[in-house]
Amino acid sequence: HLLQFNKMIKFETRRNAIPPYAFYGCYCGWGGRGRPKDATDRCCFVHDCCYGKLAKCNTKWDFYRYSLKSGYITCGKGTWCEEQICECDRVAAECLRRSLSTYRYGYMIYPDSRCRGPSETC
């Protein structure tokens, strides 16, 4: 669920997802095209690919079980979809933490019109 993903991002990065990641680069937020702009944008690209493999799941709105303990995100038991969505979100949040040192404020609200060219394959 998007609200749960926001909590994971905040846990890992100490930042709310909105606005820092809602419109970042070419892949953070809704949709995406072109080449990822940097490591942060690549985290979002990989997250989009992860969700893309879950076409039969309601990736943005399904609630799942997870815990935030001792500095780690742990996904809990649930339906197959819930567990997979949680893993996509967990991996992305951890990726965003690893990419904090290269975060560029110039990409924070990046116009879609500047995301040109073919998208990479997942």
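Indices start at 1 and increase along the chain as displayed.
Each Cβ is built from the backbone N, Cα and C atoms, and glycine gets one as well.
The disulfide bond annotation in Swiss-Prot covers CYS26-CYS115 (among others). Classification of CYS115 (disulfide bond) by DSSP places it in coil, neither helical nor stranded.
Sequence annotations record features per position, and here Swiss-Prot assigns Ca(2+) binding site to TYR27, GLY29, GLY31, ASP48. If you take the C-beta of ASP48 (Ca(2+) binding site) and look for same-chain residues 6 or more apart in sequence within under 8 angstroms, you find TYR27, GLY32, CYS122.
Under the heading disulfide bond, Swiss-Prot lists CYS28-CYS44 (among others), citing similarity to another entry as support. Secondary structure from DSSP puts CYS44 (disulfide bond) in a helix. Other C-beta atoms found within 10 angstroms of the C-beta of CYS44 (disulfide bond) number 23, with every protein chain shown included.
Secondary structure at CYS95 (disulfide bond), taken from DSSP and collapsed to helix, strand or coil, is helix. Feature annotation from Swiss-Prot assigns disulfide bond to CYS43-CYS95 (among others).
Of all Cβ atoms in the shown protein chains, 22 besides its own fall within 10 Å of the Cβ of HIS47 (active site). Feature annotation from Swiss-Prot assigns active site to HIS47 (among others).
What Swiss-Prot lists as disulfide bond is CYS49-CYS122 (among others). Summarising the environment of CYS49 (disulfide bond), the number of other Cβ atoms within 10 Å of its Cβ, over all protein chains shown, is 15.
Residues annotated as disulfide bond in Swiss-Prot: CYS50-CYS88 (among others). DSSP assigns CYS50 (disulfide bond) to a helical segment in the three-state reduction. Sequence-distant neighbours of CYS50 (disulfide bond) (same chain, six or more apart, CB under 8 Å from its CB) are GLU87, CYS88, VAL91, ALA92, listed in sequence order.
Within 10 Å of the C-beta of CYS81 (disulfide bond) there are 15 other C-beta atoms, taking all protein chains into account. Under the heading disulfide bond, Swiss-Prot lists CYS57-CYS81 (among others).
Annotation comment: Swiss-Prot describes CYS75-CYS86 (among others) as disulfide bond, evidence class similarity to another entry. Neighbour list (CYS75 (disulfide bond), Cβ cut-off 8 Å, at least 6 residues apart, same chain): TYR64, ARG65, TYR66, GLU83, CYS86, GLU87, ARG90.
Here Swiss-Prot flags ASP89 (among others) as active site. Non-local contacts of ASP89 (active site) by the CB criterion (under 8 A, 6+ apart in sequence, same chain) comprise GLN4, PHE5, MET8, HIS47.
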Could you measure between CYS115 (disulfide bond) and CYS28 (disulfide bond) for me? Cα positions, answer in whole angstrom. 12
Relative to the Cβ of CYS28 (disulfide bond), which residues of the same chain, six or more apart in sequence, are found under 8 Å away? TYR21, ALA22, THR40, ASP41, CYS43, CYS44
